[in-house]
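Visitor: This is the feature table in Swiss-Prot:
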type	residues	note
SIGNAL	1-22	signal peptide
DISULFID	Cys37-Cys65	disulfide bond
DISULFID	Cys57-Cys105	disulfide bond
DISULFID	Cys66-Cys109	disulfide bond
DISULFID	Cys89-Cys175	disulfide bond
DISULFID	Cys96-Cys146	disulfide bond
BINDING	Asp103, Tyr107, Trp124, Arg125, Lys126, Glu127, Arg128, His157, Lys158, Gly159, Trp160, Asn161, Trp162, Ser196	folate binding site
CARBOHYD	Asn121	N-linked glycosylation site
DISULFID	Cys135-Cys209	disulfide bond
DISULFID	Cys139-Cys189	disulfide bond
DISULFID	Cys152-Cys169	disulfide bond
CARBOHYD	Asn161	N-linked glycosylation site
CARBOHYD	Asn201	N-linked glycosylation site
Amino acid sequence: MDMAWQMMQLLLLALVTAAGSAQPRSARARTDLLNVCMNAKHHKTQPSPEDELYGQCSPWKKNACCTASTSQELHKDTSRLYNFNWDHCGKMEPTCKRHFIQDSCLYECSPNLGPWIRQVNQSWRKERILNVPLCKEDCERWWEDCRTSYTCKSNWHKGWNWTSGINECPAGALCSTFESYFPTPAALCEGLWSHSFKVSNYSRGSGRCIQMWFDSAQGNPNEEVAKFYAAAMNAGAPSRGIIDS
């Protein structure tokens, strides 16, 4: 009787172990937090050198999740990548637009966002970033350089009119200054893409926040940041569940 009971326990343990290991391909292992690419529309499956990365994306050329062609498209006013038009409320100021290009380069090219990658139920991507700790100076400069440009929405992630094939302001949405829609730097950096970023209290060079801008000749400072947060997660942080947006 005891032998039969022990055999039953072993069988149940084997079944539970098998079920736990049979995860879908899109699932990201808890330890898979460093040097990884998102499972998204234009990302490579693995980071690798890209010597021909264009313009503002060039800091990632030593190790990138984006291709050279993707980096070129990111610099266009309306690229074929997402058919997204920065100039939906008139011409965006160049000093403002450079921040959006840099934001796009970070999103598409960085292999150091693993600790903040989450699974999503979306047709065009299986993963997104959530609450990436953006260095406070990068956010403040972004807001300062864009406060006099114009937009019609405080969340650019959803709610656009796509009937023409590119994003247009939804009915009733008025074009006004960024400062009207984003009264603070945090309102811009955190609200713009549904909390992809969270403004950090840490400064650039601290090793505790992600830098949108960096000099690649001095190395990529975001590698150290990713390692710090990955170690914290592996030490016992919350689970990485599936979210809807």
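In case you wondered, yes, glycine gets a Cβ from its N, Cα and C as well.
Since this is a predicted model, take the numbers as computed values, not measurements.
Could you give the neighbours, burial and distances for every feature on this list?
Guide: Long-range C-beta contacts of Cys37 (disulfide bond), restricted to its own chain and to partners at least six residues apart, with a cutoff below 8 Å, comprise His43, Lys44, Thr45, Gln46, Pro47, Cys65, Pro111.
Under DSSP, Cys105 (disulfide bond) is assigned to a helix (H, G or I) in the three-state scheme.
With a 10 A radius on its CB, Cys109 (disulfide bond) counts 29 other CB atoms from all the protein chains.
For Cys175 (disulfide bond), other Cβ atoms within 10 Å of its Cβ number 14.
Its own atom aside, the Cβ of Cys96 (disulfide bond) has 20 Cβ atoms within 10 angstroms in the protein chains shown.
Other Cβ atoms within 10 Å of the Cβ of Asn161 (N-linked glycosylation site) number 13 in total over all chains.
Under DSSP, Asn121 (N-linked glycosylation site) is assigned to coil, being neither helix nor strand in the three-state scheme.
For Cys135 (disulfide bond), the same-chain residues lying six or more positions away in sequence with a CB closer than 8 A to its CB are Ser200, Tyr202, Ser203, Arg204, Ser206, Cys209, Ile210, Gln211, Met212. In the three-state DSSP scheme, Cys135 (disulfide bond) falls into the coil class.
In the three-state DSSP classification, Cys189 (disulfide bond) falls within a helix. Here the Cβ of Cys189 (disulfide bond) has 27 other Cβ atoms within 10 Å, regardless of which shown protein chain they belong to.
Long-range Cβ contacts of Cys169 (disulfide bond) within its own chain (separation 6+, distance under 8 Å): His88, Cys89, Cys152, Lys153, Trp160, Asn161, Cys175. DSSP assigns Cys169 (disulfide bond) to coil in the three-state reduction, outside any helix or strand.
Under the DSSP three-state reduction, Asn161 (N-linked glycosylation site) is assigned to strand.
In the three-state DSSP classification, Asn201 (N-linked glycosylation site) falls within coil. With a cut-off of 8 Å between CB atoms and residues at least 6 apart in sequence, the same chain places Lys136 near Asn201 (N-linked glycosylation site), listed in sequence order.
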Visitor: Whole-number Å only: compute the distance from the Cα of Cys189 (disulfide bond) to the Cα of Asp103 (folate binding site).
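Guide: Cys189 (disulfide bond) to Asp103 (folate binding site), Cα-Cα distance: 10 Å.
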Visitor: Round to the nearest Å and give the CA-to-CA distance linking Lys126 (folate binding site) with Cys66 (disulfide bond).
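Guide: Each residue's Cα considered, Lys126 (folate binding site) and Cys66 (disulfide bond) end up 17 Å apart.
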Visitor: Cys109 (disulfide bond): which of the recorded positions Cys57, Asp103, Asn121, Cys139 is the nearest Cα neighbour?
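Guide: Nearest listed residue in space: Cys57.
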Visitor: Ranked by the number of other Cβ atoms within 10 Å of their own Cβ, which of the binding-site residues Lys126, Arg128, Lys158 ranks first?
Guide: Arg128
